[in-house]
Amino acid sequence: MPASNGHTAPDLPFPVFQASSKVERYLLYDINTITWLRKNHNILGVLIGTLPQIPQQNVFLGLPLELQPEEARLLVEKGLAYTVNDLDWHTKDLASKNTTQVESIRADLHRDGIEVARELQKSKQKQTREALKRLRINSFSTVSSHSAASPDPQAQDDTPEETLFADLPTPESTQAQSVLEPKPWTVTPTISYPPLSAPPVPSSPALPKSTPSSYALFAHLHDKGYFMSPGIRFGCQFSVYPGDPLRFHSHFLAMSAEWDEEIDLLDLVGGEGWGRGLRRGG
Amino acid sequence: MAIDSTPPAPQPSALTSYLKSCALHGSHSPHYQNLALQILHNLQYQHDWTSLHIHIHSPLTQKLLLRPLISGLPPHRIYVHPDDQVEELKRGLDPTKGEPEREWVLPTYLAEKWSLRRFGKVFDAVGEEPPEEEREEEGKEEVSRDESEDGGAGGGPGGKKRRGGKRILLATLGDDSTVVYYIIHDGIVKPRQN
């Protein structure tokens, strides 16, 4: 996977994947898109990927990124993105591929796997060589200290090491070993296009649904340059950051309400208690 | 058992006698008026506020307020905008020791439900700074009443600009007569440095 710094813009509009037509969950799989959005459009989302072996993992999560409904809607409204039904599109696009195309996709993956295995083998060999070189220099320096006849108590321990590495393989012989082809790795790509063709851009993209009041609040704060992450941990809708949360503490805990929606004063007082515990403005 | 020796009824509390001593007017319903008086009493005797004043009409529009509002001068500054705080610290001043500013107080009950529209109406009816009062020397027991003729003297658009815009101190009265105070701003104002 190429390193991503958010400088390269994805092809616009980019697809936002909806896991199913019944569930309002929007996912992004491409790390380039994700970093670009975070850097240029203040969109955070939530990383939700766990290691397959540890599904109860709840920190250091990875791809994919789930967008909040408000974020997904904002991106669609700004014309940056469009929603795609993940399952439908995959089924349709895979069905449209003929056998040779499928084979070539498989061959590509296999080739990638070989590439990864080779890279790994190369770096391992490099490490080994450098470690051996270091050891040899160390033993030489011990030998020279021997010749200086210094009464080193450790000198006794070093002697077996010298004999152990006396007949080290030369770098040339290591090179010869690398001709052995390593076992290819199984590559699981995080994105499926390419190789699949990009999902078609609909003429009138469906807007992700979100509560009108919370979307209005999100869009207003987003327009003012704030970053919003889900606030459920703090008993609110959004925790609002004045910049990237990696650099800033949040300023507000935000709740939205309709213009005439009744607000219990006890909630206001209680919510303030939450905020004060976290030293945030209400 | 002597039944006729009932103990005399206890003296009414300071608050009760205070409420009784104040005449009500006809514009707002009595519970709003008594609520405002009780909050005023709390501000005056528990928090040492001065120049307390109950407003019945908006100093800006002269219209009847949603409910009586209180204005007053706290003994020390209750709010410092973070930018002011930084400036004063740079000049070597203690931001908590600054000159107190007159504040608006909105009396509420804890059991009440409010809405954004109602908060908006309250903000629309007040300026940044409550009008200056000339009648504050009338005595502490006698609460001077704003009859709207002296409204709009101090605050409003002509007054000095406060950083952070309009603010109101939300006073919420609980069942056990405790009052909690929260500062609410009109719009997004960044929080204070801790």
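Just so you know, glycine gets a Cβ as well, placed from its N, Cα and C.
Predicted automatically and left uncurated, TrEMBL annotations should be read as such.
Quick look at what TrEMBL annotates:
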- B:38-131: domain 'tRNA-splicing endonuclease subunit Sen15' (DOMAIN)
- B:126-136: compositional bias 'Acidic residues' (COMPBIAS)
- B:126-165: region 'Disordered' (REGION)
- B:137-146: compositional bias 'Basic and acidic residues' (COMPBIAS)
- B:164-194: domain 'tRNA-splicing endonuclease subunit Sen15' (DOMAIN)
Same-chain residues at least 6 beyond the ends of the domain 'tRNA-splicing endonuclease subunit Sen15' (B:164-194) whose Cβ lies under 8 Å from its Cβ atoms: 15, 35, 38-39, 42-43, 46, 70, 78-82, 85-86, 103-111, 119, 122-123, 126-128
Number of helical, extended and coil residues in the domain 'tRNA-splicing endonuclease subunit Sen15' (B:164-194), per DSSP: 0 helix, 14 strand, 17 coil
Per-state residue totals over the domain 'tRNA-splicing endonuclease subunit Sen15' (B:38-131) - DSSP helix, strand, coil: 31 helix, 27 strand, 36 coil
Rounded mean pLDDT for the residues that make up the domain 'tRNA-splicing endonuclease subunit Sen15' (B:38-131): 89
